[in-house]
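Peer 1: Structure incoming, see below.
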Amino acid sequence: MRFLFLLSLVGPVLPEQIRYTIPEELAMGSLVGNLPKDLGLGVQDLPTRNLRISARKKFFTVSTENGDLLVSDRIDREQICGKKSSCVLEFEMVAEKPLNFFHISVVIQDINDNPPTFSQNITELEISELALTGATFSLESAQDSDVGVNSLQQYYLNPNPHFSLIQKENPDGSRYPELVVKTPLDREEQSCHHLVLTAVDGGDPSRSSSTQIRVLVADANDNPPVFTQDVYRASVRENLPMGSSVLSVMATDLDEGVNAEITYAFINTGNVVRQLFKLDSKTGVLTTGGELDFEERESYTIGVEAKDGGRHTAHCKIQIDILDENDNAPEVTLDSESKQIQEDAELGTVVALIKTHDLDSGFNGEVFCQLQGKFPFKIVQDTKNTYMLVTDGVLDREQIPEYNITITVTDRGKPPLSSNRSVLLNIIDVNDNAPVFGQAFCLVHVAENNPPGASLPKSVPPTPTWGPTAASPTPSWPATWSHGRWRPTCP
């Protein structure tokens with residue numbers, strides 16, 4: 001199902017805005033909307049308007065026959081937007097003759113095309129036979145690439161007399177299961193319990209997957225380790241050098257000897273996080289093991305397990321927020337097939353569309369656009385990251401036939417970063433100059449007794465106009481070229 005939202009903006013330099021909504025994974029060639037209908041353009045004008053899409057990566061194409069906006073590439077919401085709650089593809093539609101720009105937004109809706117998955121088919125969990133009723137143990141979390149209601153919603157455990165299941169949430173809203181001891185365990189009576197953990201998403205129909213859990217009942221160990229905090233938090237700047245310390249976790253154990261020797265390890269943590277962070281198994285110090293990039297990911301939730309020598313465990317969470325730095329210069333692109341304009345163009349005539357993009361956030365990602373030098377042009381902001389180069393003065397091709405314009409885009413970071421883009425703009429001549437005689441009158445001496453039909457000296461007025469509208473042949477009478485025109489030389 002597609003939805004359309006059209007907003008007409010009043011003004012000479014503001015474009016139309018259209019918003020469509022489509023589900024992900026539409027087949028190539030699927031219809032998104034009809035642009036002539038939604039923009040109020042005539043179908044008969046399509047061959048001359050030359051509709052085209054301006055985008056960094058093109059997922060859509062425009063039919064030259066009827067102006068239909070069609071899907072031209074695979075649209076995988078999870079690949080494009082990851083776990084973001086909102087996924088919008090934005091691009092500009094350009095029409096020529098006259099030059100117009102239309103801002104198009106396509107909202108990509110998630111479909112339930114990914115089931116929850118466990119990284120292992122079988123997981124072993126060791127629990128002491130002295131574990132108290134109500135004691136909890138973290139289980140492996142399932143991962144689901146979908147978002148919203150289509151993401152993982154619930155865990156289930158097969159019915160059994162010894163264990164039950166509770167579900168908790170991480171600070172980022174993701175769910176994880178914990179196993180609860182429901183009745184006392186006796187290793188001598190039963191040393192191993194076989195359980196089945198099932199993860200179910202909220203799609204319609206729903207998708208699910210399961211993993212087997214083998215609970216090994218261990219001999220007694222009086223005291224489990226205990227973390228000093230349930231959640232450890234830290235904020236670090238991106239581009240932190242590898243090996244930098246982030247924070248330390250610490251657990252204590254009242255036992256002595258081997259049973260009090262605690263080791264630390266990641267739990268319920270993917271390979272990407274394991275590459276970016278390293279945990280010292282003896283000290284609990286967390287350090288960076290890779291390059292942190294705020295533009296790639298803004299925060300991480302990491303599970304840590306503390307295990308003593310008697311195989312008792314405790315669990316905590318680490319919440320790491322990445323701070324943005326101004327490490328990306330803004331990008332600027334010009335979108336216009338025409339690099340020329342007539343010298344009689346009206347004030348406010350659109351010359352080119354200027355698009356900016358900065359990967360940073362906050363002030364580091366806010367940009368402003370300006371011209372280097374004085375020109376009969378100015379920059380007008382259209383949308384947040386879109387500007388227009390428009391005429392702001394009189395153009396005279398006879399005075400200045402071309403302009404080499406440099407556009408600078410600067411962000412508001414400290415220190416600020418900037419980028420430049422130059423464009424050579426040719427001024428097209430129009431017939432705006434009347435012919436002019438070099439002088440008001442000319443005295444010509446003619447010999448007497450000329451026969452009838454004899455030619456007298458003639459003059460052709462020069463003109464400063466150039467190109468096909470110009471008419472300045474060399475005169476047949478005595479003349480000299482001075483100050484841009486032919487001037488008769490009288491005897």
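Backbone N, Cα and C atoms are what each Cβ position is placed from, and that goes for glycine too.
This is the feature table in TrEMBL:
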COMPBIAS  468-482  compositional bias 'Low complexity'
DOMAIN    14-118  domain 'Cadherin'
DOMAIN    119-227  domain 'Cadherin'
DOMAIN    228-332  domain 'Cadherin'
DOMAIN    333-437  domain 'Cadherin'
REGION    454-491  region 'Disordered'
SIGNAL    1-15  signal peptide
Peer 1: Summarise the domain 'Cadherin' (119-227) as counts of helix, strand and coil residues per DSSP.
Peer 2: 3 helix, 54 strand, 52 coil
Peer 1: Give the residue counts of the domain 'Cadherin' (14-118) per reduced DSSP state, in the order helix, strand, coil.
Peer 2: 17 helix, 41 strand, 47 coil
Peer 1: According to DSSP, how is the domain 'Cadherin' (333-437) divided among helix, strand and coil residues?
Peer 2: 4 helix, 53 strand, 48 coil
